[in-house]
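One structure is given below, encoded as structure tokens.
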Amino acid sequence: MPIGADAAYFFTGFLILLGIIVKRSPLLYAIQLIWMILLLGGNTFALDFPINEALYEAIGNSGYDFSILGFAYQISADYANQYGLEFTTYNLLISIFSVLLIAWQIQKHARNYNLAFALLYLYPFVEMVIQKRFLPAMALSLWALQYLNRDGWKNQAKFFGIFILALGFHSAVVFYIVFWLLDRFTHKGFTRNKKFIMALIWGGLCVVSSMIPSLAGIIFPADKVELYFETYAESSDIFKFLFWASLHLSVVFLVAHIYRKVPQTAYTNLVFRLNIYSLFIIPLYAFDPVFMRYLRAVLIFNYMFLGDFFPERLLVRKLDLKAGGGIVLLSIIFCLVWYYLGIGNMTYERMVAPIFQHNMFIS
């Protein structure tokens with residue numbers, strides 16, 4: 001029996017709070033991921049839902065057209081159509097795959113895995129519901145990016161194999177090839193030459209910022225380039241750009257500050273490098289904050305890394321409070337900015353409410 005939209009909304013908030021308090025519980029983790037699957041996979045209407053449903057039905061009627069959508073999405077959607085699956089069922093299967101893949105990565109890397117998953121609910125959970133093709137692409141990108149931390153051709157082959165599959169669901173993740181190029185260039189001397197590399201990156205930002213629309217036109221359809229770099233850009237201004245850049249930089253500065261104060265391991269080096277590479281995303285905010293989607297995979301790494309410092313006692317180290325408390329606070333800020341305050345050009349009524357009002361399992 002459906003539990004109702006309001007009850008589902010408050011239960012989600014309760015799970016977030018419980019995940020912050022009870023940071024390591026296999027039972028709670030199972031509840032967290034099952035509930036997320038129900039919310040993602042049970043969704044029957046949200047922003048972009050009609051478009052995604054129409055694309056799915058078009059594939060069933062006309063077959064493949066790889067010039068429009070990625071191969072992985074089209075092949076999987078075509079098979080689902082052949083078996084007579086409705087779009088809602090296909091969405092449920094893709095949601096199960098994506099959530100389990102993300103949950104596996106979180107449990108693999110995070111000691112406080114309940115906390116990391118709770119922060120995922122704060123941000124970017126709502127976009128995970130709305131952007132149905134980007135969800136599996138993001139989950140696969142999260143998996144692929146860990147191989148930037150490893151040398152050897154086998155690990156590079158794993159990165160590209162997973163990355164190409166992610167690209168097959170959504171072409172937008174092609175941006176992460178920039179991370180790979182930066183990693184190949186900086187990997188050996190990153191620890192010794194951090195200041196030089198950071199200066200080089202910022203210099204690169206200044207050089208390529210004006211070339212972004214032209215470069216995007218090589219990869220993406222003309223209508224998409226016009227939408228993101230012309231239509232959306234019309235409502236942008238210097239103050240909005242500075243706001244989104246500051247929000248992004250606050251995350252990077254927090255990670256960099258904690259990184260300098262903890263023992264450096266292969267994993268902490270990876271998280272730090274990913275945050276530095278993410279600075280290349282900032283010029284895109286001059287067009288629209290929609291490009292913050294590229295920060296999401298990096299944020300999940302930050303949830304895993306910084307969430308492990310979250311205080312467990314009343315008497316805590318200042319470092320733990322800065323790291324754990326800082327990432328929780330930033331996650332709340334991201335949530336408020338994107339879903340409640342309307343700063344990201346959207347509102348609670350358009351983005352959040354439909355998720356709980358239109359779900360075949362709960363409402």
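In case you wondered, yes, glycine gets a Cβ from its N, Cα and C as well.
Residues or ranges marked as transmembrane segment by TrEMBL: 6-22, 27-47, 87-106, 113-130, 159-182, 196-221, 241-258, 270-287, 323-341.
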*asked:* If we skip the immediate neighbours and take only residues 6+ beyond the ends of the transmembrane segment (323-341), which ones have a Cβ under 8 Å from one of its Cβ atoms?
replied: 20, 115, 119, 122-124, 126-127, 247, 250-251, 254, 258, 299, 302-303, 306-311, 348, 351-352
*So what's near the transmembrane segment (159-182) in sequence-distant terms, Cβ-Cβ under 8 Å and 6+ beyond its ends?*
70-73, 75, 133-134, 136-138, 140-141, 143-145, 147-148, 201, 219-220, 273-274, 277, 280-281, 293-294, 297
*With Cβ distances under 8 Å as the criterion, find the stretch in 87-106, 113-130, 270-287 that has the most pairs with the transmembrane segment (241-258).*
270-287
